[in-house]
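**Student:** Sending over a structure as structure tokens; questions will come in a sec.
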Amino acid sequence: MYPSSRHSQMCRCLMKGAPGSYLQKQGGLVHGASAVFVVKDGNGTACIMANFSAAFLTSYDTKNGSKSVTFELPASAEVLNSSSCGKGNASDSSLVIAFGRGHTLTLSFTRNATRYSVQLMRFVYNLSDTGIFPNSSSKETKTVESVTDIRADINKKYRCVSSKQIHLRNVTVTLRDATIQAYLSNDSFSTEETHCEQDGPLPPSPTAPPQPSPTPVPASPSVSRYNVSGTNGTCLLASMGLQLNVTYRTRDNTTVTREFNIDPSKTTFGGNCTARLVTLALRSGNLLLVLQFAMNASSSRVFLQGVQLTMTLPDARDPAFRAANDSLRALQAAAGNSYKCDAEERVQVTEAAFLNIFRVWVQAFRVDGDKFGPVEECQLDANSMLIPVAVGGALAGLVLIVLIAYLIGRKRSHAGYQTI
């Protein structure tokens with residue numbers, strides 16, 4: 001039973017979905033049901049209402065290395081009595097949602113004369129919850145938080161149909177189809193809205209044409225250098241250009257395939273090192289790309305094992321695009337060696353997502369400072385070298401055949417004359 005509060009009284013409306021369940025996915029796409037959460041004051045008047053579904057993406061340590069997990073806010077989530085309407089519905093207020101074994105998502109609101117905002121989002125998660133974090137090597141409870149840009153005019157609801165990501169250190173929270181309003185004046189959502197930037201400007205009429213689709217990027221992506229370090233020094237060196245190739249349905253139900261380059265000048269990166277898994281995470285706007293390198297203990301081969309992608313596609317029927325695969329064996333090299341390929345490598349993540357890697361030079365595990373180890377060239381480069389060698393060999397053989405034919409012909413012509 002959750003603790004009670006003398007200053008506020010809460011209720012939670014019925015949700016769609018099976019009570020007591022949660023949705024979890026490692027290596028694919030899954031959507032949970034949306035839910036309505038309500039905070040009421042001591043008189044039973046609603047001061048905060050929120051209707052959204054939420055997904056959480058994070059990683060945690062196991063005995064076999066780092067592991068990533070994506071899970072949904074379950075239908076069994078509840079509003080805690082620690083939620084607050086503030087004083088007189090005019091000061092800071094908060095919505096606290098609990099689920100699972102000790103997980104809480106908190107939205108802290110503040111306001112001025114004209115606008116209110118979610119000033120802070122906090123997520124507390126319990127690594128001892130084996131339903132979400134199986135085989136976790138830690139049983140501690142962790143807290144992450146971040147400011148947000150969720151804001152709306154007073155007496156208007158915040159509306160965001162598109163997926164919206166909030167990055168809380170190593171946790172990414174994705175809100176979908178969100179309607180949020182604090183400091184309510186009439187015990188229900190307002191009919192007026194403040195739209196999020198992700199939804200773009202409203203069309204002038206219902207018959208207005210849809211927003212233009214993102215323009216495909218035909219050029220190769222810029223090559224940039226990345227590194228990840230841990231307590232024992234550098235565990236990853238990489239130089240490469242990255243491009244995403246995704247297939248999705250637009251709002252008018254047309255299937256399209258588009259390419260998006262990752263611009264190093266607009267990208268931040270980080271990662272972590274463990275004995276068996278090295279992770280490189282790249283963030284660019286609403287895009288998160290995670291690359292995981294593993295090492296086979298018996299063969300001492302290092303390879304790209306996992307790719308996780310989350311991004312927002314404004315013109316898509318479902319703007320939240322996610323793809324993941326943790327059973328790859330790409331970019332292989334012996335431990336202590338580097339893998340290099342000047343040709344474009346195409347890594348299939350799912351049927352709808354490919355990662356195109358240009359001019360890659362990468363080494364994970366057993367990295368000596370900032371220097372790449374001995375190079376193992378990719379088969380694509382080896383094949384490209386065979387073509388000129390084969391052509392050169394064929395030309396040399398042709399020249400030799402012509403020379404032999406000429407000498408034979410010359411010898412026969414001399415044999416046809418007699419000395420006088």
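Cβ atoms here come from the backbone N, Cα and C positions, even for glycine.
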**Student:** In TrEMBL, Cys378 is disulphide-linked to which residue out of Cys273, Cys341?
**Tutor:** Cys341
**Student:** Would you mind listing, in sequence order, the residues at least six apart from Cys235 (disulfide bond) in the same chain with a Cβ closer than 8 Å to its Cβ?
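**Tutor:** Non-local contacts for Cys235 (disulfide bond): Val228, Ser229, Cys273, Val278, Ala364, Phe365, Val367.
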**Student:** May I have the DSSP-based helix, strand and coil counts for the residues of the domain 'Lysosome-associated membrane glycoprotein 2-like luminal' (37-182)?
**Tutor:** 0 helix, 92 strand, 54 coil
**Student:** Count the residues of the domain 'Lysosome-associated membrane glycoprotein 2-like luminal' (221-367) that DSSP assigns to helix (H, G, I), to strand (E, B) and to coil, and report the three numbers in that order.
**Tutor:** 3 helix, 102 strand, 42 coil
**Student:** With every protein chain in view, how many other Cβ atoms are within 10 Å of the Cβ of Cys341 (disulfide bond)?
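**Tutor:** Its Cβ shell of radius 10 Å holds 21 other Cβ atoms.
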**Student:** By Cβ count within 10 Å, point out the most packed of the disulfide-bonded residues listed: Cys196, Cys273.
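**Tutor:** Sorting the candidates by Cβ neighbours within 10 Å, the top entry is Cys273.
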